[in-house]
Amino acid sequence: MTLPGQLLPLTRPPPAPPVLSSRRSRCPPPAAHAHARGSPPPLWRAYRLNDRFLHPPRQFRAPARAPRAPTPPGVSAAGGGEARAAAVAEFVTSERVKVAAMLGLALALCNADRVVMSVAIVPLSQAYGWTPSFAGVVQSSFLWGYLMSPIIGGALVDYYGGKRVMAYGVALWSLATFLSPWAAGRSIWLFLFTRVLLGIAEGVALPSMNNMVLRWFPNTERSSAVGIAMAGFQLGNTIGLLLSPIIMSRTGIFGPFVIFGLFGFLWVLVWIPAISGTPAEHAQISAYELEYITKGQKLVKPQIGSAKTKKVPPFSKLLSKWPTWALISANAMHSWGYFVILSWMPVYFKTIYHVNLREAAWFSALPWVMMAVLGYVAGLVSDTLIRNGTNITLTRKIMQSIGFLGPGIALLGLNAAKSPIIASAWLTVAVGLKSFGHSGFLVNLQEIAPQYAGVLHGMSNTAGTFAAILGTVGAGFFVDRMGSFRGFLILTSLLYFSSALFWDIFATGERVDFDGTG
């Protein structure tokens, strides 16, 4: 076999037809055969019979021109089934998928550690005589810390990279979870402090995930990568909600805190040696994958240590653009609905339908499985739309509209449900369709400002945390005053509809000039 454009040794080219000049027949350039219109392909050992070229057996032909860059996994240049299967196999076994899987595990631990309180709040309220309003304050203590860290954490991620910040974050929030039983035995204030510390540490998780996806995945795979990572995020809810009642029944109320904290320490021990901050730093990545990632990225390369990276982010310019406010609005609404459902659904099923704690946890956990599955499906659909030529802005608007309008309609159905099974079905639809927002606003951060993605994520996350605190505490006071969740669900639906409208008007998938250079 010979490479395209290479002279063939020990072989003479066939004589040219009489219409060609003798000079060209003696020295035929290889490119002339490859590109001449209507001429036979470049052959070695070709011969003529009755004025017709006869080709040798197929295995002796010179190979077709190889692509200059690797064909992206999942897309076959020839469209053959074998090529597609090979591309899928390459994707599944690639180093970038290992990064996404480890990010998914980290986010699973992140949610498992926070959701434990959603189950523990029921026995704790019974033991200490807490009212629903005070239980809402305890539930929201995590968010007090979460409010402090996203902007600072996002800036740290932009400067130090997602690998290092994620490692410190997981270690710190695992320590806070592990120490919760000890703190609870001392005082309620110390226990609340561990929840605040948990929130501070977990505030860096999503900015770190976004940074790693930005560095490790080309544009056409980022929605899928976020889908994999966020699937772990939602499965963490399921794990926490389903396992916590079982562990509590065997070890006491604080058993899940200890077990999940230990798993976090184990994750850090694997993450540090196994994952690198960028593909170029990875010792085992193949040249094929490295070239594919590099050629598929359209971003501002990290400039660690440069003056540009060290300068204070332009907060005023970031806030002066409508696409930023579209992201802030979307994150706020997403967090409002997310934390209201996450924090109050076990209590909702127990108080409205009078089921026991384990059944309430099951009814509350099943929707998060659907969210994990549909989140990945939404990522595949989004990437496919973009590959097939759909405008990025339109794609993000379609995904986010589904992620807002779907839950808004489903919560109205939940409000009218007459049985826990029907209510769980509507809740599953609401939570499952929320995941389409991961291919909307969550990926959009990287597209409008790749150089400020961490800071922008922190800013929108801070707004989302304010909304989550307001929703979580407000739901408790609403139940105290009205005696029911139903009116609060109607309010949440209306907020979903208005947020979808705001997003569709002001969001964009194009790069926004926040530096005033273009």
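The chain as shown is numbered from 1 upward.
Note that Cβ sites are derived from N, Cα and C of the backbone, with glycine treated the same way.
Values in this document were obtained by computation on a predicted structure and should not be read as measured data.
Taken from TrEMBL, the feature region 'Disordered' applies to 1-39.
According to TrEMBL, the feature domain 'Major facilitator superfamily (MFS) profile' maps to 99-510.
Remote same-chain residues near the transmembrane segment (142-160) are listed as 114, 117, 169, 195-204, 206-208, 210-211, 304, 309-310, 313, 339, 451-459, 461-462, 465-466, 468-469, 472 (criterion: CB distance under 8 Å, separation of at least six residues from the stretch ends). Per TrEMBL, transmembrane segment is recorded for 142-160 (among others).
Away from its own ends, the transmembrane segment (165-182) comes close to residues 103, 106, 109-110, 113, 116, 153, 156-157, 191, 194-195, 197-198, 200-205, 207-209, 211-212, 254, 257-258, 260-265, 267-268, 271-272 of its chain (Cβ-Cβ under 8 Å, at least six residues beyond either end). Residues annotated as transmembrane segment in TrEMBL: 165-182 (among others).
Outside the transmembrane segment (226-247), and at least 6 residues removed from its termini, the chain residues within Cβ reach (under 8 Å) are 97, 100-101, 103-116, 118-120, 209-210, 213, 255-256, 259-260, 342, 346, 357-358, 361-362, 364-366, 368-369, 371-373, 375-380, 435, 438-439, 442-443. The transmembrane segment feature in TrEMBL is assigned to 226-247 (among others).
Among the features that TrEMBL reports, transmembrane segment is placed at 253-272 (among others).
Under the heading transmembrane segment, TrEMBL lists 325-345 (among others).
Beyond its flanks by at least six residues, the transmembrane segment (365-386) meets 219-228, 230-235, 237-238, 241-242, 341, 392, 395-396, 398-399, 402-403, 424, 427-436, 438-439, 443 of its own chain at Cβ-Cβ distances under 8 Å. Look at TrEMBL and you will find 365-386 (among others) tagged as transmembrane segment.
Away from its own ends, the transmembrane segment (398-417) comes close to residues 330, 333-334, 337, 378, 381-382, 385, 423, 425-427, 429-441, 486, 489-490, 492-494, 496-497, 499-500, 503-504, 507 of its chain (Cβ-Cβ under 8 Å, at least six residues beyond either end). TrEMBL lists 398-417 (among others) with the feature transmembrane segment.
Per TrEMBL, the feature transmembrane segment maps to 423-443 (among others).
Sequence-distant contacts of the transmembrane segment (455-479), counting only residues of its own chain at least 6 positions beyond either end whose CB sits under 8 Å from a CB of the stretch, comprise 132-137, 139-140, 143-144, 146-147, 149-155, 158, 203, 206-207, 210, 313, 315, 318-319, 324, 327-340, 343-344, 351, 441, 445, 448-449, 485, 487-488, 492. According to TrEMBL, the feature transmembrane segment maps to 455-479 (among others).
As annotated by TrEMBL, transmembrane segment applies to 485-506 (among others).
Proximity of distant same-chain residues to the transmembrane segment (325-345), defined by a Cβ-Cβ separation under 8 Å and at least 6 residues beyond the stretch ends, is recorded for 114-115, 117-118, 136, 139-140, 143, 237, 319, 360, 363-364, 367, 400, 403-404, 407, 411, 427, 430-431, 434, 437, 440-441, 444-445, 448, 456, 459-461, 463-468, 470-472, 475-476, 485, 488, 492, 495-496, 499, 502-503, 505-508.
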